[in-house]
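Presented below is the structure to which this report refers.
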Amino acid sequence: MAGRRNGHAGRPRVGVLALQGDFREHAEILERLGAEPVEVRRPEDLRGLDGLIIPGGESTAIGNLMVHSGMLDAIRSFFYQGGAVWGTCAGMVLAASATTGPSQPLLGIMSALVERNGFGRQVHSFEADLEVKGFDRPFRGVFIRAPYFEDVGPGVEVLAEIDGRVVAARAGKVLVTAFHPELTDDTRFHEYFLREVCGSDERS
């Protein structure tokens, strides 16, 4: 894979933040695709990784856990040293630079204004077929208390929208999705992350 940051041959090593959320589902898909999944709970677990997935869950709770465990600063450092990051649902919230709601811990690694629970609470969870930039057919998105980006800054590439609301985006080495690809049988977003984001030398 071109652009491998740690220079090792063979399987890319991709961490999955295992503080909360669907980390096991992500790990199973990574394994099927030939990557080496690594559960990440402490800053030292980031060593030697090509990428990191921040799964869904409750973004404020995950953010507070990240602060108390030292993971917030560690993930920022990992990213700014060339590591790839993919945030799904709550991970999308955490990746943003600002939120429309109450203050909460954010990584600030993508220039975007996020609306938490933008599509409503759990009772309003839904599925939708998405037209995704670069995909040859629609992707079935599973939305659970999903956020969306109300606005994005320069350098952020919008990959998918619903009624003008940004639900997938990329900026260099960071990818975000408001939905849960790990809860479907469609592995295209995981393949995209491994190939295009982990394997890229591009910075945000």
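Going from the start of the chain as shown, residues are counted 1 onward.
Any Cβ shown, glycine's included, is placed from N, Cα and C.
Among the features that Swiss-Prot reports, L-glutamine binding site is placed at G57, E58, S59, R116, I144, R145. According to Swiss-Prot, the active site, nucleophile annotation covers C89. The annotation active site, charge relay system is assigned in Swiss-Prot to H180, E182 on the grounds of sequence analysis.
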Within 8 Å of the Cβ centre of G57, E58, S59, R116, I144, R145, which other residues of the chain have their Cβ, at the recorded L-glutamine site? G56, C89, A90, V93, N117, P147
Measuring Cα to Cα, how many Å separate E182 (active site, charge relay system) from E58 (L-glutamine binding site)? 17
Counting across all protein chains shown, how many other Cβ atoms sit within 10 Å of the Cβ of C89 (active site, nucleophile)? 27
Taking the Cβ of E58 (L-glutamine binding site) as centre, how many other Cβ atoms lie within 10 Å? 16
Filtered by Cβ under 8 Å and at least 6 apart in sequence, the residues in the chain of R116 (L-glutamine binding site) near it are S59, V93, T99, T100, G101, P147
Neighbour tally for S59 (L-glutamine binding site), based on other Cβ positions within 10 Å of its Cβ: 29
For H180 (active site, charge relay system), which of these binding-site residues sit within 10 Å, Cα to Cα: E58, I144, R145? I144
Between the C-alpha atoms of I144 (L-glutamine binding site) and C89 (active site, nucleophile), the distance in angstrom, to the nearest integer, is 8
